[in-house]
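> Okay, handing you the structure first.
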Amino acid sequence: MLLADTKRILLKLSGEVLMGDQQFGIDTDFVAKLAGEVKAAKETGLEICLVIGGGNIFRGMAGAAKGMDRAQADYMGMLATVMNALAMQSALEKLGVETRVQSAIQMDQVCEPVIRRRAERHLEKGRVVIFAAGVGAPYFTTDSGAALRAAEMGCDALFKGTSVDGVYNADPKKDASATRYDTIDYDTVLAENLKVMDASAVALCRDNDIPIVVFSIRERGNLARVLAGDGIQTIVRTGANRSAS
Ligand code: UDP
């Protein structure tokens with residue numbers, strides 16, 4: 001086990017991983033593969049809260065850059081996360097994993113509202129709870145939503161599955177000499193503005209002592225490997241001396 005005594009995790013998936021190899025939108029085959037990863041993690045006995053981004057469909061900042069009102073564009077981004085949550089729900093249920101979607105923007109015909117005690121009960125019953133619409137307010141991201149739900153639901157760690165395998169000192173897609181950290185502390189991430197999650201999410205995790213594990217969700221079986229301590233990842237936590245491999 002990567003982190004001792006981990007019983008409940010929050011898994012955050014960037015919207016862009018739902019695109020698979022497409023340039024936009026939802027690749028249902030790839031979502032089915034992701035659902036398989038979640039199922040395998042659940043079968044290890046973990047309780048799982050899921051948060052999925054919306055960047056594969058719409059990001060508020062992109063809309064604002066094209067002249068849209070920022071708050072309005074952010075609402076569209078939040079709606080995109082609900083679409084992704086429904087796609088993941090469908091894929092998980094096809095694999096026999098029971099789920100509930102709870103949205104921070106109330107949408108009674110489609111899913112439940114966020115109710116912590118109800119989510120708690122779902123987890124006790126072995127359901128995966130997918131939290132949609134981030135924190136439910138514009139000017140935030142789903143990273144902040146993930147940190148908030150991780151704190152609210154008492155998760156032992158926040159696993160961020162994305163398209164890079166950890167935190168680097170420079171962008172590995174642009175700089176071939178970039179090195180990946182195995183561990184690093186929250187304050188260094190914030191002071192050096194390293195690309196992990198946005199600052200409000202990192203600060204919320206720091207203040208609530210929730211380790212952040214950044215790993216790639218693109219390779220098959222990687223979530224299980226990382227959870228078992230056999231994978232490649234960066235752990236952001238208090239007092240971690242910066243170490244790179
Ligand atoms: N968003 C928001 N408030 C939130 C969460 C999300 O306004 O609490 C909007 C914001 O516009 C963001 C978009 O939803 O750009 C999609 O989320 P995000 O960019 O976090 O998705 P990811 O990068 O993880 O795919």
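Including glycine, each Cβ sits where the backbone N, Cα and C put it.
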> Select one of G54, G126, G154, G161: the residue that TrEMBL places in the UMP site alongside D74, V135, G136, A137, P138, Y139, F140, T141, T142.
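It is G54, as the record lists it for that site.
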> Kindly point out which candidate in T44, T162 is recorded by TrEMBL as part of the ATP site with K12, L13, S14, G15, G55, R59, Y168, D171.
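Record check against TrEMBL: ATP site with K12, L13, S14, G15, G55, R59, Y168, D171, extra candidate from T44, T162 is T162.
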> Quick one: of the binding-site residues K12, V135, T141, flag those whose CB is under 6 Å from ligand 1, and say none if nothing qualifies.
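V135, T141, in sequence order.
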> Based on Cα coordinates, which of the following binding-site residues are within 10 Å of S14 (ATP binding site): G54, V135, A137, Y139?
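Close binding-site residues: G54.
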> Between the binding-site residues V135, A137, whose Cβ has more other Cβ atoms within 10 Å than any of the rest?
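Within the set of binding-site residues, the most crowded position is V135.
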> Identify, among the binding-site residues K12, G54, G55, Y139, T162, the residue whose Cβ has the fewest other Cβ atoms within 10 Å in this structure.
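The binding-site residues K12, G54, G55, Y139, T162 were compared, and Y139 has the fewest Cβ atoms within 10 Å.
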> Give me the non-local Cβ neighbours of D171 (ATP binding site): same chain, 6+ apart in sequence, Cβ-Cβ under 8 Å, ordered along the sequence.
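In sequence order, the residues whose Cβ lies under 8 Å from that of D171 (ATP binding site) (at least 6 apart) are A178, K195.
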> Identify, in sequence order, the residues in the chain of T141 (UMP binding site) that are 6 or more apart from it along the sequence and have a CB within less than 8 Å of its CB; answer 'none' if there are none.
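T141 (UMP binding site) has long-range Cβ partners G53, G134, D198, A201.
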